[in-house]
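This report concerns only the one structure given below.
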Amino acid sequence: MDVKRPKKIFTRSQIIDLIADGKVIVIYKNNVLNLTSWIKKHPGGDKAAYHMVGKDATDEMHAYHCDETVDTFTRFKIGEIEGPRWENLLPPIQGGIYAKGGHYGSLNNKNTSNKKTLDSKLDNDSSNSTSDLECLTTTNSCDSDISETEIANYKGIGFVPSVKPVVPQNQLVSKSNMDIVFPIIDEETKKKVIRNPKTLLNNYDNKLSQEDVMSLPALDYDSQQVLRDKYNELHQTIIDYGLYECDLWDYVREVTKIGSLFLYSLSFLKINQLFLSAVFMGMAWHQGTFIAHDAGHIGITHNYQIDNIFGMLIADWFGGLSLGWWKRNHNVHHLITNDPVHDPDIQHLPFFAVSVRLFQNVYSTYYDKILPFDKFSQFLIPLQKYLYYPILCFGRFNLYRLSWTHVLCGQGPRQGKAAWFRYFEFFGLSFFFYWFFYLLVFKTIEGGWNRFNYVMVSHITTMLVHVQITLSHFAMSTADLGVSESFPSRQVRTTMDVDCPEWLDFLHGGLQFQAIHHLFPRLPRHNLRKAQPFVIKFCEEVGLSYSIYGFGEGNEIVISRLADIGKQCSIFLDATKHYEGDLY
């Protein structure tokens, strides 16, 4: 007779202890999952999982994984949480610091006598006094000292000492305390002159954060749970309507379209019409990007190996770009969308900045390095509204660099079912550079100037996809509103859709429905338009603002945001000329 083992119940303090030991602990449907031994095998990359440490990742895990994968989650179960609902911890990669005994900690404090448990500090919203908040944010007297061993453990799960969260650890943001969490120093009311240029930046950024707090549903866990429940109902509706079922004939047409563009390019090359040949080559790459995107999200056959092989053939072998690099980058982007410190899709210094936080030498947790706001950045950012389109013309060359770095440095999974992709991609990228740069450009086209023009025209033609990618996020919120904000709230808040007629869908390749895509990343591209009415209704019911603009108007909004950030840069640089303190 089988004896059923009693459930292992983990208290909040016990889970904190595990994280303090460097364990990759994620909450899924009230189950405690320990992903530590498996993290290097994660096909989506280790960074994506690190951003879920200490959090209830149920919605994210369902959105990004098929049913077959979901069924494997319980293999990593080590117990269940105490209580009916989990309230998120700040992941160490985002600045969360924890010490043994269920305490939050400090890197500097030597006095361990003033420890406070996380339970006692959790959910201090309107009742939290100014002095209490200052204790959390500006002093070490409330914090527990962390040993060198614990720091080493943290580094194993993405922790970097220089990363500081905007919202204090375990602080719940609300309309009543937003003036404390996001303070704005007013010269007139405070009767003081702002001398520190960083205060100018913080005022600007905090004002935007306050506007977000006022426009969104309340960020307390009860309100966000209502939103999550509605989102799960929406997800079930999407499933019930069969929108996850992909019509493979759609992709037969896509491949035929790309093949036709490629053949046109070769035909024009044959008759020495180099300009037209280059344009059609760029158009083929442009359309191929959309298929690679769909395949990377396992949104075609929903079979991991088949979709990835298909995607790598299109991205690497035909387009010269690493699908593995894109997946590692893109998965983080989806989970921590538009965060200047964590989202690589808005980390484009020295060329672009969409948040003033990037003026402060932030440490990128994705690139594992400081993004310096150096003299070159200081020269370009005030001009970014003028340089936006010209710089995007050269975007594909940067993707070559990132692709080769990813493959040669082995930044993708080195274990598990995705480990062999690295070698397939290496040969794919090599093959692309052989057939395009050597056979087609060097061996077929005569004259150095003609070769140069061909390469430039073909690559500049793909500029449109870079416009489409940045259009979705560059003008949207970059605020950090704390760990209580739900997955659907963050995705809708940070993403813009593009209104276009159905006959023009082929040109946008699904990127016109980015808000819908961010809510349901595996949804086949050709079904996104069918899902739009359901998403609009959902946003109306829960009080989220669904942002959608025409392509022209959306571009105007992006340019306006770039101009505004550029203006703030000029103000900041002017203020630094009269400031003698340490900015960083």
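Note that Cβ sites are derived from N, Cα and C of the backbone, with glycine treated the same way.
Features reported for this protein in Swiss-Prot:
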{"type": "DOMAIN", "residues": "7-82", "note": "domain 'Cytochrome b5 heme-binding'"}
{"type": "BINDING", "residues": "HIS42, HIS65", "note": "heme binding site"}
{"type": "REGION", "residues": "109-134", "note": "region 'Disordered'"}
{"type": "TRANSMEM", "residues": "261-281", "note": "transmembrane segment"}
{"type": "MOTIF", "residues": "293-297", "note": "motif 'Histidine box-1'"}
{"type": "TRANSMEM", "residues": "306-326", "note": "transmembrane segment"}
{"type": "MOTIF", "residues": "330-334", "note": "motif 'Histidine box-2'"}
{"type": "TRANSMEM", "residues": "386-403", "note": "transmembrane segment"}
{"type": "TRANSMEM", "residues": "423-443", "note": "transmembrane segment"}
{"type": "TRANSMEM", "residues": "455-475", "note": "transmembrane segment"}
{"type": "MOTIF", "residues": "514-518", "note": "motif 'Histidine box-3'"}
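Per-class residue totals from DSSP over the motif 'Histidine box-3' (514-518), listed helix then strand then coil: 5 helix, 0 strand, 0 coil.
Across the motif 'Histidine box-1' (293-297), DSSP classifies residues as 4 helix, 0 strand, 1 coil.
Mapped onto DSSP classes, the motif 'Histidine box-2' (330-334) shows 5 helix, 0 strand, 0 coil. Distant neighbours of the transmembrane segment (306-326): 258, 284-285, 288-289, 291-296, 298-300, 396, 399-400, 402-407, 411-412, 418, 421-422, 424-425, 428-429, 431-433, 436; these residues of the same chain sit at least 6 beyond its ends, with a Cβ under 8 Å from one of its Cβ atoms.
Within its own chain, HIS42 (heme binding site) has LEU35, ALA48, ALA49, PRO413, GLY416 as residues 6 or more apart in sequence whose C-beta sits under 8 angstroms from its own. Among 386-403, 423-443, 455-475, 455-475 has the largest number of CB pairs under 8 A with the transmembrane segment (261-281).
Long-range contacts of the transmembrane segment (386-403) within the same chain: residues 285, 316, 320-322, 325, 329, 351-352, 380, 425, 429, 459-460, 462-463, 466-467, 470, 558-559, 562, each at least 6 residues beyond the stretch ends and with a Cβ under 8 Å from a Cβ of the stretch. Each residue of the domain 'Cytochrome b5 heme-binding' (7-82) gets a DSSP state, and the totals for helix, strand and coil are 32 helix, 16 strand, 28 coil.
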